[in-house]
Amino acid sequence: MASGSYSLMWFRKALRIHDNPALEHASRASSFLYPVFVIDPRYMDPDPGAFSPGSSRAGINRIRFLLESLSDLDSSLKKLGSRLLVLKGDPDQTIIRCLKEWNINRLCFEYDSEPYYQSLDEKVKSFASSAGVETFCPVSHTLFNPLEIIKKNGGRPPLTYQSFIKLAEKPSWESSELNIPISSLPPVGDVGSCKIFDVPTLRELGHSDFELDENTPFQGGESEGLKRLKDVLSNQDWVANFEKPKGDPSAFHKPATTVLSPYLKFGCLSSRYFYQCINDVYKDVKHSVPPVSLLGQLLWRDFFYTVALGTPNFDKMKGNRICKQIPWNESDELLVAWREARTGYPWIDAIMVQLRKWGWIHHLARHCVACFLTRGDLFVHWEKGRDVFERLLIDSDWALNNGNWLWLSCSSFFYQYNRIYSPVSFGKKYDPNGNYIRHFLPVLKDMPKEYIYEPWTAPLGVQTKAKCIIGKDYPKRVVCHDSASKDCRRKMGEAYALNQRLHGLVSEHDLTNLRRNLEEKYQTAEMNCRSKRQKRSC
C-alpha cells in the first residue's frame, strides 16, 4: 500500500456526524479514511429460542432501529464523499484484521464504559499499541468523563445524585461550539481482500418471518433524531417547564416526553449538543431545575453511567456492594404472565403490549410495571425484569437499564418500599376512560369505563355484552393487589432488617433461611385466615 496517513473510524454507538470528536480526529490530515461498522453476531444473529423475534441480545425493534441508524449514517457519509464499510464477525478480531490489512496508522472510536466494550477495547488497544497504531478514544457519549468523577471521589463512584452534581460541576466543553459542520471527508482507501457489505436488511440478517400488526412509530438515525430534537426545542415553554416524573404515561398518539432516549442510546444524537440546546432555551426563560428538569434528566444519565462504571457486578444482586440482598422468588410462571401481558390487570398488560409492539413506553409506565413485577405485587427478581426490558426496549442501555431496575425494585438508590404503584388507580387518574387500554388490549375495547381497569368486577352480563369473559377471553388476576402488596411490604421489611443487621454482608445461606421463614409465616397466616373464615361461616 502507498505511503500516507490511513485512519480507521470504528463506529459503535456514535452513529452521527455532528459532535463526533473521534470522526473529526480520524479525518484530520488523513490521506484515506475507513469508516467501519462491524455486524456483531452476538447482537444481530437470529435466535429462534428467544421469547420474542430478534437475536439472543436484542429484540427485533431495536435491531431495526440500529439498521435504520446505520443506513442514515451511510447516507450522510456519502454526501461527504465517503461511505460506511460494513463488515461481519467478532468485532475485536475484525478490527484487528482491518488494521493489518489496510496498514492503518490511526484508530479512532468513541469511549464506551459498558463492560462488553471495555473488554473489546482492551484487546484492540493492546494490538494497536504493539503495532504502533495511534489510538484516539474520546469521551463524547456522556456529558462528563465518568473516570474523572470517580477519581475526584477518591476512587469510588458517588452514590447519590446530589453528590454527583457537586463533583461534576460544569462540563469543560460547555462554552465550545460542538456542532461544527463537516463539508467533506477523506476518500475511502483500498479495502484489499476484506469483504465489505452494504447495510443489511432484517431479511438479509435472517429475520425474514417477522411481522407485526403494529410497528414501532420511531425511526432510527441521526436525521430523525435531530428532527425530533428540533420539534422538541420549538416548544420553549414545554422545555422550560418540563418536570419528571410528571407527564401522562397513557398518552401514546403523542407521547408526553421527548422520546429522544433511543437516539441518545445509539449516539444518533449527541447528549452534549442536546445539553447546549437546552441551555440556549433556558437563557431567556424561567425554567425548572435539576433533578426534575430536562437538563436534570441528562445529568441523571451521567450519574448512572458513573455509578455503573465504578461498581463491580452492577448488573447483578450477588456481589454488588450497593445492592440489597433480597430473597426474590424465582417464579417463571409469574414472570411469563407479566412478560406476555397476562397478569389480569389491564393497565399493566396494556403497557407490556406497547413495550413489545413499539419497543418504547413512557417512564412512568416503566415505573408501574417494574414495581408490579418486583416489590409491589409479584416479588419476582429484578434481574428477570431487567432482561425483558434489555431485550424489548429500543433505548435499552446497560447502565441506565440496570440502574433503574435497582432503583425501582428498592434494591439500591431508592428505599421507600412502602410507596407502591397501584395497578388500578394510577392509570385511571390519567386516563379514566381507558383509551390506552382499549388501544393496546382490543379484547377490552367494549368494556364499560367503570370496569375497564378492574374487569373481574364486571357482572357476567356486562362481560357478555362486552364480548370479554374474564378467565376465557381475558385472564383472571394472577394476584389480588391488596393482599399481594401487603405481603411484599412485609418481605421487604424483613429483608431490609436482615441487611441492616448483617451490615449488607448477607450470604446465600442467610437468604435461603429468610426465604424459608417468610414462606412459613405466609403459610401460617393463610391457615389462620382459613380458620377465621370457617368460624364465620358456622
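We count from 1, first residue shown onward.
Cβ from N, Cα, C; glycine included.
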*Any idea which of 228-255, 508-535 is down as coiled coil in TrEMBL?*
508-535
*For D302 (FAD binding site), identify the closest of the recorded sites W328, W382, W405, judging by Cα separation.*
W405
*Neighbours of W328 (site 'Electron transfer via tryptophanyl radical') among the recorded positions T257, W300, S396, W405 (Cα to Cα, within 10 Å)*: none
*Stretch-averaged pLDDT - the coiled coil (508-535)*: 77
*asked:* What's the number of neighbouring CB atoms sitting within 10 A of the CB on W328 (site 'Electron transfer via tryptophanyl radical')?
replied: 23
*Report, in whole Å, the straight Cα-to-Cα distance of W382 (site 'Electron transfer via tryptophanyl radical') from L298 (FAD binding site).*
24
*Should any of the recorded positions T257, F304, W405 have a Cα within 10 Å of the Cα of W382 (site 'Electron transfer via tryptophanyl radical'), which are they?*
W405
